[in-house]
C-alpha cells in the first residue's frame with residue numbers, strides 16, 4: 001500500500017481527509033434531513049403529517065379526512081355504527097365531488113375457504129354500496145369487487161390481524177374534481 005504525499009494533495013483533498021471536517025459535514029447533513037418534513041412545500045402546505053396537507057377533493061383528502069375503509073365483525077356483512085359514520089362522511093364527500101366514481105372492495109380474513117371468503121367479500125362490498133346508495137350516492141357511480149382473503153393488509157395468526165382484514169375499502173376512480 002503506498003502512502004500519498006500530503007503536500008501533493010489539493011486543499012479540497014486535504015479537507016476531505018480531516019476527521020473533524022468529515023464529522024462536521026455529516027452532522028450538518030443529518031441536521032438538514034431531520035427538519036425537512038416540517039418545511040413548507042411549494043404549495044404552502046405542511047409536509048407529511050401536517051395539518052392541511054391533503055388537497056381538497058384528492059384521494060389523499062378522501063383517505064385522511066373522510067376514511068376509505070370500514071371494518072366488519074367475524075362472518076358478518078352488517079354495517080356497524082362506527083362504519084355507518086364513516087360511510088355517511090364518504091357519501092357527503094362524494095356529493096361534494098360528483099365527478100368521482102368509486103369501486104367498493106370487499107375483503108375477508110384468512111380463515112375459511114377461498115370460495116367462502118370471495119362470497120363474503122362480495123356481500124360486504126354490496127352492503128357497503130347499498131348503504132352509500134341509501135345516503136344518496138347514485139348506483140351508477142359505484143361498482144363492487146371482492147378480493148376475499150387474497151389481499152390482506154395484516155398477515156399473522158392472530159385476531160388483531162384478522163380484524164384488520166375484515167373490511168370494505170372505497171377506492172376513488174373517474175375524473176375527480
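Glycine is no exception: its Cβ is also placed from the backbone N, Cα and C atoms.
Straight from Swiss-Prot, the features:
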- 1-32: signal peptide (SIGNAL)
- 33: S-diacylglycerol cysteine (LIPID)
- 33: N-palmitoyl cysteine (LIPID)
- 59-176: domain 'OmpA-like' (DOMAIN)
**Complete:** Per DSSP, the domain 'OmpA-like' (59-176) contains 55 helix, 26 strand, 37 coil
**Model confidence over the domain 'OmpA-like' (59-176), averaged pLDDT** = 96
